[in-house]
Amino acid sequence: MAIDENKQKALAAALGQIEKQFGKGSIMRLGEDRSMDVETISTGSLSLDIALGAGGLPMGRIVEIYGPESSGKTTLTLQVIAAAQREGKTCAFIDAEHALDPIYAKKLGVDIDNLLCSQPDTGEQALEICDALTRSGAVDVIIVDSVAALTPKAEIEGEIGDSHMGLAARMMSQAMRKLAGNLKQANTLLIFINQIRMKIGVMFGNPETTTGGNALKFYASVRLDIRRTGAIKEGEEVVGSETRVKVVKNKVAAPFKQAEFQILYGEGINIHGELVDLGVKHKLIEKAGAWYSYNGDKIGQGKANACNFLKENPAVAAELDKKLREMLLHKGNELTPATAGNSHDEDAFADEGNEEF
């Protein structure tokens, strides 16, 4: 439908005035927005990148990762940092829990010499540091570990037992309003790690909730629920954990998918195991009995040996990773259980309770 010529002139004048006052790009037609193609950073897990639909976590957005204790939350964020650093990006870790282990971070591939780290005294200080780093435009990824440890100044200065109802939620709400726009402008990814609490007196539905009020749930473009589902054993020794991550909220692709992978103690996400499993599923790796073959060449007898081959031959692993990403991610948000490997859809209604945390 054609717009009246007078209206077109009035609209052009209004747009010109807005751009003059607020700067070029302050208003535009949606189809002209070059930022529609979202830049992403890998999570370090191929199946999780596929479940996210966009190939990783979106830059310029807020992400929340929550789960029970020892479920792999910090490990996952350290893998994100390692992936970002490999791309030459600058990363910062706001360690509000004062529990970051640099030796473990180094084992996961993090360049600790170039990782910015802060251990703030108060929640307000932590969030101000986040804002200052974002406004600098020089930091690409910021991790806050964790929301539960962001203690308001009034609570720290008060006595144990004093009531501070709603202080943390109000602090987070103010911070979200301030940070969201700055993150978009700077194209900085901000990841909040969060803990789980139980609602008292819930008879029906999910009694679990996350700390810090509701603001983070609304402002987050992606929310990931990470759970430990089992143990990995070598004989009697536990060497890792089976992990499931559910995409509870996703503003950049289809939500409610989930990914399953292994976290090995001292090594992090077992990416080579994922490559073997997904390669076999999508017929890039041939499996005959116990033998695995790639491009006609045998790479190992048994999954463990096939994984070791990929670990010792990073060029082959990178080639296989590239082929799988091209095959699975180009299907975009229409990924189905048959095409997503370890990633599969969840019933949106079944997960509605999680979304309402």
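Backbone N, Cα and C define each Cβ position, glycine as well.
As given in Swiss-Prot:
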BINDING   Gly67, Pro68, Glu69, Ser70, Ser71, Gly72, Lys73, Thr74  ATP binding site
REGION    333-357  region 'Disordered'
COMPBIAS  348-357  compositional bias 'Acidic residues'
Rank the binding-site residues Ser70, Ser71 by the number of other Cβ atoms within 10 Å of each Cβ, and give the residue at the low end. Ser70
Excluding Gly67, Pro68, Glu69, Ser70, Ser71, Gly72, Lys73, Thr74 themselves, which residues in that chain have a Cβ inside 8 Å of the centre of the Cβ atoms defining the ATP site? Ile226, Arg228
Protein Cβ atoms within 10 Å of Gly67 (ATP binding site), excluding its own: 24
Sequence-ordered list of residues in the chain of Thr74 (ATP binding site) that lie 6 or more positions away and have a Cβ within less than 8 Å of its Cβ, or none, is Leu100, Asp145, Ile193
To see if you understand the setup: which same-chain residues, six or more apart in sequence, place their Cβ under 8 Å from that of Gly72 (ATP binding site)? Ile226, Arg228, Ser241, Thr243, Ile263
Cβ-Cβ distance under 8 Å to Lys73 (ATP binding site), same chain, at least six residues away: Ile65, Tyr66, Gly67, Asp145, Ser146, Ile193, Ile226
